[in-house]
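Taken from TrEMBL, the feature domain 'AB hydrolase-1' covers 49-132. Summarising the annotation, TrEMBL assigns active site, nucleophile to SER122. Annotation source TrEMBL lists active site at ASP308. Among the features that TrEMBL reports, active site, proton donor is placed at HIS339.
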Amino acid sequence: FQCAHYFLVMSKELLFPALEPFYSETMPVGDIHKVYYEVCGNKNGEPCLFLHGGPGSGCSTWARGWFDPERYKIVLIDQRGAGRSTPTAETRENTTQDLINDIELIRQKLGITSWKLVFGGSWGSFLTLAYANHVFSEDYSGNLKTIENLVIYGTFLGRKSELESTYGSGGPAAHLYYDAYQDFMDPIHKLKEKQKISPDQCSVLDVYHEIFKNNEGLFSDEEVEYAVMRWSQWESRIASAVRTPEHWKDIDDYWASNPSGLLSHSILENHYFMNGCWLDGDIFLQDKFAQRLATNDVNIAILIGRFDVVCPPSTAFQLHNNLQRNKVQCKVEITLGGHTALDECNTTRILEMINNNI
């Protein structure tokens, strides 16, 4: 999340200095999408890949600063419908496997045959694990030799229980951030009062999906826009362990200044979550997945923010238990941070994981 709170600005200052890409391209993929990607840092450096969150968040320019530019050849991709990729918030031909195919297409175009590091948080952690599962599967036909290291934070496996924890009225997020949750539910309450949706509809994801799609034209543009704002506002408000209602206006101002980012974040998150992310996240907790990593000598580092209510820490612990049981080289770091990588304690540890511990 890219909100201009004083503590987030301070955290960004811990990153490597801003740099410009030495190569970028917007590449057609399929009949609908054009995907933007860029490469920066050392042209002859160790290849690394950054996978942004959301889905739909896009890559911020400061995301380049996670990596030592003298050491790494840094590849950043705006996933389909996000960031500088077009069309914005397009859901057609936009699945997890589509994103994996795009990564492979870009990798091959850049002539990269091994990744020193793949780094992703939140949704980016899911895509990182899904990508590793793909390239280490028995039927993989590409020319990637290996991924040496995975670094993830805000571990997300896309399971129903995780979504209920974040979006459900009985989940820890709703209880800890009761005031913010009332705002999140406000579009639904208003539409129920207007009898535009049934009082019996209780699945938050389902109702938001109905509003976003608006297939029958029941909702006005203003009602849809209000729901789009509340969806992303909710997650932004609860992402940091040190963010309070005093900072909420900064969040609102950020989203107001970035309407395309707001749209893609809300629409694509809901799109993926409604479709189970097109991959059963329980596979990452099974021996077969872990054994693929162990067989290929993959190292994985997991950062856990103890106060992460967006992606419950229990998910990361479950993943770690499976990896450890199957002899995967896996290191866990626990901080007092929340979900966002820009809680300062998280920022510091992630930088060490990426640049000092590999």
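Each residue's number is its place along the chain shown, starting with 1.
Every residue gets a Cβ built from N, Cα and C, even glycine.
Owing to the predicted nature of the structure, the values given are computational and were not obtained by experimental measurement.
When the alpha carbons of the residue listed as 'active site' and the residue listed as 'active site, proton donor' are compared, the span between them is 4 angstrom. Every protein chain considered, the tally of other Cβ atoms within 10 Å of the Cβ of HIS339 (active site, proton donor) stands at 29.
Rounded to a whole value, the Cα-Cα separation of SER122 (active site, nucleophile) and HIS339 (active site, proton donor) is 8 Å. In the structure as shown, the Cβ atom of the residue listed as 'active site, nucleophile' sits within 10 Å of 27 other Cβ atoms.
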